[in-house]
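Notes to accompany the following structure.
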């Protein structure tokens, strides 16, 4: 294969004007009340946890032996969602806890998107032994159910936020590689890529102009659908004592430490889990809406 | 068919070996000397040296891997650091318990998902469809360890209908299929079943919708076949892909039950893993993960073979 020849690439007809496509996506999204609703909810939650230091009524680490596990609306709303097993304000803990939970849910997917997407496109476009090497390695990781793989890696490495993030990233990379590889392979064999090659476009040009615009969309949509899984898994690791360490507020860990309170203050003990559920549900619904709006199959 | 079968089975062998390699590496990536995965940290120095030589831990890593593999193939997964018992002894009952839980959960999820998915596809676009799709979305989005706690609060704490944890009256004991034991299975199994329920609903809905739009269904309708008759044809065609999804889900349930088992103190592999993580009992961690992963590989193979037998079109070149 010859390397990039710029003049020939100009002769290649540009792919359909992308502005029209994105305008279409935006129009379809604006007519989808369900996605808009969950998207707005997501935005609201993001805002709340970002502004936690400004809006939280108390200090997230301030414990108190005399007001442990107080009910919802304790002291006429001074503690709107009650207090936890160490007397800390629940609302404050939930707001601060969201920061770590969101971070742990989103970052591994972002890193995996960058690494897995690149490897997948390389495998799909290069084919041959490069493809063999990358895809057979992915097969091995596919031989582990994702929860098990995450638990195995973090279990071996020991507790800690960075270990949990590393294990989650490793869980998602193979999944993203597979989607990127299959999409790339499908695009690579299309006629217009063939004609671009025939008119002398180099591999880098073909990848940049023809492959990436067609591959990024589906891989991105797939990755957004992983965020909800990542949130549940990340909180799950903390729930097992593998992610965050106390007294750091994090929804999974809070759910774990409040487990004993289900007999005395069941409502309060349920709150962190409700937050995980809501966030994960919102991400799922928005991802589904994006998939439809962007007309991604599969 | 025969050659496909052989090739597929042969292909599973390198995968199984690679899974072994990953499990072997787990102990290597763990902080600290891998020898700590075999002898307790407070063992005298000469014992440590003796074990190091006996286990070949003074040899290069590839040799160590082969030695380890040799022991594993003979059914020696090492001894638990916490209890001193062979890992395989603990695993035997744990795997049985997890398998039972996963099978029951898979069955509930499969039945519920098939019903919801079919209803959604047949009444496409109606309230029923939206309800089923919403339930499916909730099923895959819900943190099931939290759902387990909610169910405990409701059915154990408030209503006092079902036990909150354990796997039988009076602590451990042999499992029997009577209500005294089965009541312990209800909440964990229902909790675990929401994920396959959601995924099966989505799959069945998609497949049945696609099938209902096909020409042969129109022909059947034109022929005057009633609804039940058409359903039979459609379900027959939907079965292979739904079964494949279900088979994989069973594997995910086996591997993913750790969180639910922790919530309900169900004495399965997840519970074993959890205590291994807590006590940094690396042999137990490694052995449990290896067994579950190999089970998953075999299950994948079985699903592929069954699917091919049911639908010859799937057989790839």
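Keep in mind that glycine also has a Cβ here, set from the backbone N, Cα and C atoms.
Here TrEMBL flags B:9-30 (among others) as transmembrane segment.
Under the heading domain 'ABC transmembrane type-1', TrEMBL lists B:95-307.
Under the heading transmembrane segment, TrEMBL lists B:99-123 (among others).
The transmembrane segment annotation in TrEMBL covers B:135-159 (among others). Here the transmembrane segment (B:135-159) has long-range neighbours at 113, 116-117, 165, 187-188, 190-192, 194-195, 197-199, 201-202, 205, 259-260, 262-264, meaning same-chain residues at least 6 beyond its ends whose C-beta is under 8 angstroms from one of its own.
Sequence annotations record features per position, and here TrEMBL assigns transmembrane segment to B:179-200 (among others).
The transmembrane segment annotation in TrEMBL covers B:242-264 (among others).
What TrEMBL records for B:284-306 (among others) is transmembrane segment. Same-chain residues lying 6 or more positions outside the transmembrane segment (B:284-306) and placing a CB less than 8 Å from one of its CB atoms are 5, 8-9, 12, 15-16, 19-20, 22-24, 26-27, 37, 72, 77-78, 80-82, 87-88, 90-91, 94-95, 243-244, 247-248, 250-251, 254-255, 269, 272-273, 275-277.
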Beyond the flanks of the transmembrane segment (B:9-30) by at least 6 residues, Cβ under 8 Å: 37, 61, 64-65, 68-69, 72, 282, 285-286, 289-290, 293-294, 297-298, 300-301
